[in-house]
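To start, the structure itself, in structure tokens.
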Amino acid sequence: MQNEDTKGITNWNTVLANAQSGGPNVAQKKKPKAQTGIFANKAPRALFCLTLQNKYRRFCIKLVELKAFDYFILLTIIANCITLGVQTPYPQSDSDPTNEKVENIEYIFMVIFTFECVLKIIAYGFTMHPNSYLRNGWNILDFTIVIIGLVSTVMERIVSKTTDFKALRAFRVLRPLRLVSGVPSLQVVLNSIFRAMIPLLHITLLVFFVIVIYAIIGLELFKGKLHATCYKLGTQTYVNVSHLYGPEAPLVFDDDNHGRVCLENELCLGPSGRAPPFFYIACSIVRAQIALEYVYKCITMEGWTDVLYYVNNAYGRLWAQGFIPVPTIYFVSLIIIGSYFVMNLILGVLSGEFSKEREKARARGDFQKLREKTQMEADFKGYLDWITRAEDIEPEDDDLDDNLSLLRENSRLGKMAIIDNHIDMPDYAGSDSSSIKRANLGWWGKTKRKMFPACYSKKNESFRRWNGRNRKRLRFLVKSKSFYWFIIFLVFLNTVVQASEHYNQPDWLTNVQLVANKVLLGLFTAEMFLKMYALGLVTYFSSLFNRFDCFVVCGSIIELILTSANVLEPLGISVLRCVRLLLRDPLRETVDS
């Protein structure tokens with residue numbers, strides 16, 4: 001009786017069981033089950049006892065791989081940095097209510113960081129496997145900070161009045177560095193700085209040699225030139241020219257009359273007479289140490305012009321009677337070679353190392369994507385093998401044969417759905433080619449067909465073809481070089497019109513500016529609508545430049561309407577059109593393309 005009731009009905013449980021076990025007609029092939037998704041490339045055992053099949057470890061892996069978990073840790077680190085900045089140190093270990101509250105909050109942060117460390121150790125393993133927790137340098141930093149914090153907290157509780165263990169709390173300032181472990185872009189920057197240390201050492205040696213060479217040259221040229229100065233007759237006080245060189249800056253003097261000379265009521269005195277002020281004793285280039293200090297000061301471009309003016313006053317600055325302005329040549333060449341060239345080599349080295357690290361990070365990301373794609377293809381192949389096993393089973397009746405045929409059709413049409421979703425395969429059986437085309441239209445295509453059904457009927461086929469040809473021609477036009485330079489010319493004219501506005505300008509210029517503004521606004525509006533029609537709204541607004549252009553045009557139209565109605569004063573939105581000269585630079589567009 002039971003056989004009669006079940007006659008003609010497919011027992012799919014039996015089919016699936018036979019397919020998974022290999023069935024009577026399929027050879028048994030047992031393969032080790034590969035871990036997929038977030039469980040791939042994880043250590044097979046963690047802490048010598050937790051396998052990948054352990055439910056607690058799988059929960060930890062899922063938790064630490066969540067983006068929300070990373071964001072929570074980042075916010076906790078930022079909050080910890082804020083609390084560290086709020087604390088106010090007092091002498092004699094004094095405190096206030098704010099510091100006491102911060103100390104209590106520190107325990108919460110310590111618990112969170114310890115919990116994160118434990119979760120990652122359970123998920124990744126401790127240190128015995130290639131991808132374990134302590135195999136990452138940033139995790140070593142996190143682990144060290146957590147351990148030091150735990151040791152200092154526990155020892156403060158056990159040994160209350162000791163300063164040795166309280167000194168460990170100074171390591172809390174390293175907690176902001178944990179932001180680096182959570183932000184990959186910061187890791188690239190710091191790695192580039194660390195890898196640039198040796199090249200920077202070479203640049204430092206080069207800078208030192210340049211400083212030494214210029215210090216020796218300056219010592220030979222200007223030694224003892226700044227010892228003399230002018231004093232007022234009778235008072236024996238040096239002349240104060242603070243309005244020229246700063247407070248209490250004395251006036252230097254040149255014995256060869258090529259520099260600044262003393263006036264009639266002033267007397268030049270040097271080391272043989274009255275001693276000059278201490279400031280000029282220090283400024284006198286008579287020792288190599290002082291020469292090195294001033295050359296370094298000039299390379300940093302901090303007050304180098306004052307030193308140049310002092311030396312010019314003492315040595316001379318004019319091309320007169322065959323006199324060569326040695327100070328000007330010396331200091332200008334020092335700035336060009338030492339500051340503009342040698343010091344900028346540091347930026348070049350850092351930029352090169354940063355580019356290398358960025359390429360490495362990009363290569364790691366591409367490799368990760370390729371590995372995920374390979375794993376996905378392996379999963380799909382395994383699914384097809386499972387389907388093939390089901391097909392190889394001999395059907396016992398016609399209904400089973402029909403159902404397996406339907407399964408084969410579904411497996412063929414649902415290939416891309418399996419790749420995208422990994423699990424679910426939609427039923428495409430019975431779908432014709434038109435329904436599949438409608439499924440591939442996308443949300444914008446479906447929306448247009450719902451909003452304007454008459455435009456997509458078979459009666460308007462000729463109109464759609466005519467519209468497509470026109471859009472193709474206009475698309476070629478808006479992407480041509482002639483159209484590009486025409487728009488650049490209009491932007492340049494707009495810039496000239498905006499720059500011609502000035503205070504108390506004549507009325508005819510105001511009228512010309514108003515008319516030119518309206519004409520240019522109309523041309524820019526026509527350009528915007530032309531691009532929208534030729535490229536399509538989705539393609540047009542996918543460009544950030546087109547969004548900015550649309551904002552400027554719409555804002556200019558609203559401003560023109562409101563100002564014409566005397567609702568408000570001009571806001572100057574049209575000035576933003578001048579920015580298009582920078583945004584439409586050919587080099588920028590070439591790089592973007």
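A Cβ is built for glycine as well, from the same backbone N, Cα and C atoms used for every other residue.
Please treat TrEMBL annotations as automatic predictions, because they have not gone through curation.
What TrEMBL says about this one:
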type: BINDING; residues: GLU302; note: Ca(2+) binding site
type: DOMAIN; residues: 67-361; note: domain 'Ion transport'
type: DOMAIN; residues: 481-582; note: domain 'Ion transport'
type: TRANSMEM; residues: 68-86; note: transmembrane segment
type: TRANSMEM; residues: 107-126; note: transmembrane segment
type: TRANSMEM; residues: 138-155; note: transmembrane segment
type: TRANSMEM; residues: 176-194; note: transmembrane segment
type: TRANSMEM; residues: 200-222; note: transmembrane segment
type: TRANSMEM; residues: 329-350; note: transmembrane segment
type: TRANSMEM; residues: 482-499; note: transmembrane segment
type: TRANSMEM; residues: 519-541; note: transmembrane segment
Within 10 Å of the Cβ of GLU302 (Ca(2+) binding site), how many other Cβ atoms can you find? Include all protein chains, please. 9
Relative to the transmembrane segment (519-541), the stretch among 107-126, 176-194, 329-350, 482-499 with the most Cβ pairs under 8 Å is 482-499
Within the domain 'Ion transport' (481-582), how many residues are helix, strand or coil going by DSSP? 84 helix, 0 strand, 18 coil
Please figure out which one of 68-86, 107-126, 329-350 racks up the most CB pairs under 8 Å against the transmembrane segment (176-194). 68-86
Near the transmembrane segment (68-86), which residues from the same chain, at least 6 beyond its ends, have a CB less than 8 A from one of its CBs? 98, 102, 105-106, 109, 112-113, 116, 172-173, 175-176, 178-179, 182-183
The residue listed as 'Ca(2+) binding site': secondary structure state under DSSP, collapsed to three categories: coil
